[in-house]
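Undergrad: Quick one: this structure, given as structure tokens, is what I'll be asking you about.
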Amino acid sequence: MSVTYVASCKLPTPFGVFDMHGFQEVGTQKEHIALTLGDIGDGASVLARTHSECLTGDALFSMRCDCGYQLDEALRSIAAEGRGILLYLRQEGRGIGLLNKIRAYNLQDQGADTVEANEQLGFAADMRDYSMCKPMLYHLGISRIRLMTNNPRKVDSLTKLGIEVVERVPLEVGRNPHNRNYLATKAGKLGHLLTTHQDDDYVVAAK
């Protein structure tokens with residue numbers, strides 16, 4: 001996939017002042033961003049997160065998933081390290097889009113799990129594409145990453161694209177009674193590497 005670099009700016013956040021870089025896919029015109037901190041183009045491996053858009057979790061504080069919590073923790077971790085990158089990819093709902101995600105949530109309210117809901121709507125369990133990541137990283141001078149993820153399939157996808165993932169850094173945050181079944185399905189059906197917890201009834205404090 002080809003992407004075009006558009007522009008950069010400073011982005012002050014509660015975690016520090018990041019540089020925000022805008023990219024656009026050639027053909028689809030879909031927009032993606034990269035948030036960077038520190039010297040990332042020195043050839044050393046960079047702490048990284050590829051984060052697919054989740055309006056409900058990232059902006060509306062939904063507890064149905066762990067996305068918003070992972071976004072916060074990834075930015076905190078990058079800030080603590082003093083350097084790193086977060087690729088924010090516009091592929092809502094594991095690639096099915098926001099309105100279809102709402103339809104999938106409705107099916108989950110009726111008893112389907114997150115994979116079954118996608119399949120009942122005629123979609124694959126995970127329709128995300130990471131091919132835009134390599135040219136974005138290349139533009140920013142990054143060739144080796146330490147990837148914050150619980151998803152080994154994401155590691156495999158990036159590796160097949162020619163991105164050197166030197167380490168998988170677990171990112172287990174945000175577990176609560178509302179997403180207990182969702183996380184269990186991600187582990188059982190999507191292969192995510194998640195720890196078994198004894199505190200299922202623990203309610204995560206509001207962010």
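Yeah, the Cβs are placed from backbone N, Cα and C, and that goes for glycine too.
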Undergrad: Could you look at T36, T114 and say which one Swiss-Prot places alongside R49, T50, H51, S52, E53, Q70, E92, G93, R94, T149, K154 in the GTP site?
TA: T114
Undergrad: Can you match one of C9, C54 to the Zn(2+) site that Swiss-Prot gives for C65, C67?
TA: C54
Undergrad: Can you tell me the CA-to-CA distance separating R49 (GTP binding site) and C67 (Zn(2+) binding site), as a whole number of Å?
TA: 12
Undergrad: For E92 (GTP binding site), what is the secondary structure state per DSSP, taken as helix, strand or coil?
TA: helix
Undergrad: E92 (GTP binding site) to D126 (active site, proton acceptor): how many Å between their Cα atoms?
TA: 11
Undergrad: 10 Å Cβ neighbour count around C54 (Zn(2+) binding site)?
TA: 23
